[in-house]
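As written in TrEMBL, here are the features:
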- A:106, A:133, A:134, A:135, A:136, A:207, A:210, A:232, A:262: pyridoxal 5'-phosphate binding site (BINDING)
- A:233: N6-(pyridoxal phosphate)lysine (MOD_RES)
């Protein structure tokens, strides 16, 4: 079932040995972790890096508090959306001046999808997956609602690139897909799908929310047109921190995005009355992201400068593989094949909600997605092999003991 | 020239006496002010409230760092856009559930202007002022570019509501105006203009960036349709903090905004594949604002609960009146008439840039807007009468001495 040299431990002793030899283990000290727990929800909200409070404090007290407006130059505020975009670029296989940090994933998807429909003006269909993270579907509805005759078509979940064949007709302007499914953890083949979409004359937009910081991504290699992604899951920039937007340089000259705020202008401080988009990636800026939120991103991206993405991927596959094998008697919906797997594992269980609550009481923090999925995220920079072993044993014990049936676990919360 | 009972001091002794009797003086201790200076740039970036660092720290270290995803419920994150909107509402004359905090001014203007064009589907013209803050004009271009036959028409600066008469024909869908001009500080008559726009069958959208927190605003009284505004100038929420959006309740049922992200959905956590907008103001949410940035807004709005807006306005007019009278021999472009004046004073001077730099060296922080305007913002909660007196004398001395001609003041920076 496995198809790489990733070593999956089969005992707690092996886990301890792997942790001792883990080249990524030193990163763990860079994060603030729950005192007596195993945090397996980094695919929802990444934990706080140790260095972040001080960098936020400095931004608040020194940059804002003392230096005030002079910080725009003195502390390089003006350049931050580009500087931080350039630091994210290597994590997603992009080059300098191809990524910018701004707004939310939803707003950035709105920009690139509208731009895509304009670039393919003879075509009016947007393809997506019915089970994608809903905001992508809703934004596709919002965008197509602005173009006469445009529509958003939702397909069943793709098993492979070939599933697109029947739908890639000459009416398709753009395809929007999540590289990693937020529920199942299924990883799509970015190269094969992008090539197929291009062969049909359409543009490819990838949502990287569940893949950026979870595995190596190769946007340039695969000639992806546009991508968006969040920074608060595997990248640990802080709750709802600003998103990033990638646009292939070959589109920079012809593209036209509709959220034409002043920071996307060629000369924002000339205060001209007519809009002239900036050249390059800057034209995707609208306004300026909140500086306090950018401080969280500045902090965490310092850590990522030292991460080897091949090591990250190898450990991620080992952690998810370990959890899957230890839960093999449960209904694991995450693909066993490594090339089809992101960095999370989902298990279907009709009583998933109280089971997750019972696990949380034992200190194992995962989450639940209606109607019946338990999700566990594995963040290689701060989760150890031994923790994953212990979490799997805890899950088995919770199920075997029936402790999840206690009344206190029955109420379904809105988010957690 | 004056038309109210606002007392304008004519000596430094009178300023000291007014400061001693100022009912708003105690608020000054709530803000972190430059050590040896007078900060007259709160109309660009409001200073740091004393309480903010601790509230941000708690949000970072305790809410994010310790409580992680449980904070969505435990610390009420989920409700923050509404709770904070309701706290802004009394500052702009709106009611509960009519204001929401999210995104930037530009993005929010995009939402309400698109919504307005849909509500007035037989009409395709958007009117604005040529000298408005550029992002409003650029967004109007971006929105009209999405509607067949739509156009944005820019008028010369309005002196009164009557100046609109010639332009309010049956093609006008919406009018977008800044209540206070970002350069000159001119205050428009919200009631007269909104009434005129409604009489012509169009919708009225106000940009409150330079008026929220600077003077009382009466959106409900004047039956305004939509409004947007920033929180980082007179409201001190922190650099580029999230914006607010107001929509009159009479529009909530029929309105349709295009940035249909998942937090605007009727049931965001049901993860439905089709978009169903939330009822009420919630439908204007797109995604969730960054929590670190919201922390700054939470902090500052605590202060505003105790502010009497009539006292605020009286002091604002006295401060601006004082500065204008002390600079009467210069080319003051801000209206002398109180009802036409916001909370800033602009002075035209062909060498405005080096003059402002020389003033900054003396500790008086104003700013410059090309080609020739020196701007001074007067924030009644933390600027004293005596400071304004001293600032005006400093300006007179800088001009009289010619010290601004020194070479070190000649370089023009990008922002400051």
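Glycine too: its Cβ is placed from the backbone N, Cα and C atoms.
Here the recorded positions are A:106, A:134, A:136, A:210, A:233, A:262, and the ones sitting under 8 angstroms from chain B, going by CB atoms, are A:106, A:134, A:262. A distance of 17 Å separates the Cα atom of the residue listed as 'N6-(pyridoxal phosphate)lysine' from that of residue A:136 (pyridoxal 5'-phosphate binding site). Whole-number maximum of the Cα to Cα distances across the pyridoxal 5'-phosphate-binding residues A:106, A:133, A:134, A:135, A:136, A:207, A:210, A:232, A:262: 30 angstrom. The Cβ neighbour count for residue A:262 (pyridoxal 5'-phosphate binding site), using a 10 Å radius over every protein chain in view, is 24.
Long-range Cβ contacts of residue A:106 (pyridoxal 5'-phosphate binding site) within its own chain (separation 6+, distance under 8 Å): A:135, A:138, A:139. Shown in sequence order, A:109, A:128, A:176, A:178, A:207 are the residues of the chain, 6+ apart in sequence, with a C-beta less than 8 angstroms from the C-beta of residue A:136 (pyridoxal 5'-phosphate binding site). Reduced to three states, the DSSP call for residue A:106 (pyridoxal 5'-phosphate binding site) is helix. Its Cβ placed at the centre, residue A:134 (pyridoxal 5'-phosphate binding site) has 21 other Cβ atoms within 10 Å. Around residue A:210 (pyridoxal 5'-phosphate binding site), the same-chain residues six or more apart in sequence whose CB sits under 8 Å from its CB are A:43, A:178, A:179, A:180, A:181, A:182, A:185, A:233, A:234, A:342, A:343, A:344, listed in sequence order.
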